[in-house]
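Some features that TrEMBL has for this protein:
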type     : residues  : note
TRANSMEM : A:12-29   : transmembrane segment
TRANSMEM : A:49-71   : transmembrane segment
TRANSMEM : A:91-116  : transmembrane segment
TRANSMEM : A:123-141 : transmembrane segment
TRANSMEM : A:206-226 : transmembrane segment
TRANSMEM : A:253-273 : transmembrane segment
TRANSMEM : A:293-315 : transmembrane segment
TRANSMEM : A:336-353 : transmembrane segment
TRANSMEM : A:359-380 : transmembrane segment
Amino acid sequence: MFGLNKQDTTLLIVVAILALFAPFILNPFPEGSAMAQFNAGYPDLMQRFVIFGIFAIGFNILFGLTGYLSFGHAAFLGVGSYAAIWMMKLLTMNVIPAIIISVIVAGLISFLVGWISLRRSGIYFSILTLAFAMMMYQLAYSDLFGQLFGGVLTGGETGLQPKVSDPRILDAALAEGATPKAHLFGLEMGASHKMNVGAWSFTFNAGYYIAAAAMLAAFYLSIRIFRSPFGMMLRSVKSNQHRLNYTGLNPKPYTLAAFVISGMYAGLAGGLLVAMDTQVGAERMFWTASGEVVIMTILGGAGTLIGPVLGSGLLKYMENILSKINKSVLESWFSFMPDGLSDFFIAITNLFVGKQWHITTGVIFMLVIIFVPGGLVELGKRIGARFSRKKEPNNTDGSAKAEPAE
Amino acid sequence: MDAIILQILNGLDKGSAYALIALGLTLIFGTLGVVNFAHGALFMIGAFCAVTLNKILTLSHTVIDPTKTDFLGNPAKIQVPYVYDIFGESAGASIIDWSVPLAIFFAIPVMIAIGFIMERGLIKHFYKRPHADQILVTFGLAIVLQEVIKYYYGANPIPTPAPAAFKGSFDFGAMLGFDPNVIIYPYWRLVYFCFAALIIGAVFAFLQFTTFGMVVRAGMADRETVGLLGIDIDKRFTIMFGLAAAVAGLAGVMYGPINAPNYHMGMDFLVLSFVVVVVGGMGSLPGAVAAGFLLGILESFASMREVIAFIPGINQVIIYLVAIIILLTRPRGLMGRKGVMED
């Protein structure tokens, strides 16, 4: 189906079903129960799951296939966001032009950056992309171009958001005091439908489903790239670039294409972020944001199809859920223990939750790099292999014993 | 002329910090072949060594001072640091005053221990892994260290004042025969620069003039041959890692009075230090030091009022811009060796 083999089609369908029923799957605990705080089925978080999924899928096309470790991809996400918000300020609050322009602008900028950075490889490539991204962050944060030409381009520290007074040439003028809301042909991104089933409450959000549709399209495209001759070419860059050169092939156009594609994915993610939450600031371009997408991709499994989606979901889930667990929650958890013991456990676990959730992600990330460099996907495979291996020797033993008897 | 001297002086202290961190990074890279993204965190831990020592020294207990009374007429309670009890009041006060320089002696063993643990516990297992894995695992370690410091010390910068003798500034211009009050330079920045120069000199002398340093240099050039000669080069490289950690830590200890230590100072310096290392040439120690001072001074020139009026915001991007230009025109950096990180 869709030019995919059976295995890939199954994968795509599984992801589609997960995305479609995410409001149910992520809300397993009834409303008002003690575990309700671990529900992740609210629109804001679900949107971020899929949007950062797109970002990581795109990053994986570059890092997973070619092995070029870029430390500056958040810059393209930021550029896409700024482009989208300008579309919303100048043209219309409809998200379609905003998303299209964010992809195009991010593609152009990543072409420029990639064209220069890809002249070097290895650590130099990482530093070059890092330098470019930090430069772009500083330009956005100080609004250099805006200052140069006496206007506003990035809004500096305050960032940008659509205002009532903006000249949206395609839209009807808004009433004074109304807030401009992003919409898709009239369907507002914030529109949600609540469904109550018994004690459970599920929220279906328009913005989430639009972002999820974009994620599925992005995922499908990445499967096609992985399975194409072009994807094969990128893998050969990773395994041995010298040999590729000796065969008379120039890998640069391929790596540059991969760089631009992943930049466009980042732009799409940036545009969607603006579509869901109509504001943008420079902090999403900071290099730690680039580091975050690296973590997501590795956590899930670089070079695998499903890995980046899993990784971004896991990281965003941990970010939101762990940061909610504070000391009083811990006290209620450990209240069954004797006083001294519970204090001890609270002190230990408190280091990993609440505001300190970064420690947990850092530790998990390190453990993954040290023990399972292939991420969650490899972990799953290893566990699967262990179980199937346990069965196989039993079978062969059985048959080996049976043979002499015959 | 005076403006130029002023900018050079202003660039020196930041340049010293860049040079010290870049020196450590290059040492680790040259000896162990590891790209250490956690080096900025070591710098930050150094700065927090000074904070910790200051906290330990100012640990105090309450005593009742019968000579004074509070507004209710009761005897006043005052906090007396334990140091006063041990060394007497005047000596105790000056010990607390000099806590930042004293922290050097506190930081050296701490940083060397941290360096040893890091190398033996984590980085040892990554020699055979690709550079990308080394970058990633040390990046993860940097996040963890930074957040642990944030947990214990809070997110706000903690002021660590310089000793009273070094507070204030002096008129450097008057000494050189310029008009007075043109070139004013804080004492502590001069101290920092001299300290950095001392450490850099010491590291180079150690590598150049001791047998240990000679073996390490030989190991940097050809690790395998040194190993075949029956020298336990891994052990020496571990010691070099501890040394590099100590250099970064000392840079951090003394930087406290210039910029109050906060938990993300390491990450801020790390990115720039990597740029410095790459500009100087990966694996070249003199290159790292030269590029550190060069970029520090360049940055301070770019933040002159005249330059900013001409190109606003240039002070924030100049280092990256220079790095990009140098990497594209001189791929090995200013003093890079052939064959280092070229595959």
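Backbone N, Cα and C atoms are what each Cβ position is placed from, and that goes for glycine too.
Unlike curated records, TrEMBL annotations are generated automatically.
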Who are the chain neighbours of the transmembrane segment (A:293-315) in space, where the CB to CB distance is under 8 Å and they lie at least 6 residues beyond its ends?
8, 11, 15, 49, 52-53, 55-57, 59-60, 63-65, 69, 71, 73-74, 215, 219, 222-223, 226, 266, 361, 364-365, 368-369, 373-378
Selection from A:12-29, A:49-71, A:336-353, the stretch that has most Cβ pairs under 8 A to the transmembrane segment (A:253-273):
A:49-71
Please work out whether the transmembrane segment (A:123-141) lies in contact with the transmembrane segment (A:336-353), by counting C-beta pairs under 8 angstroms that are 6 or more apart in sequence and asking whether there are at least 3.
no
Please indicate, using numbers and ranges, the residues of the same chain that are 6 or more beyond the transmembrane segment (A:49-71) and have a C-beta under 8 Å from a C-beta there.
19, 22, 40, 77, 117-118, 121, 125-127, 129-130, 133, 208, 211-212, 214-215, 218-219, 222, 225-226, 231, 234-235, 237-238, 254-255, 258-259, 261-266, 268-269, 272-273, 276, 287, 290-291, 293-294, 296-297, 300, 302-304, 307-309, 311-313, 315-317
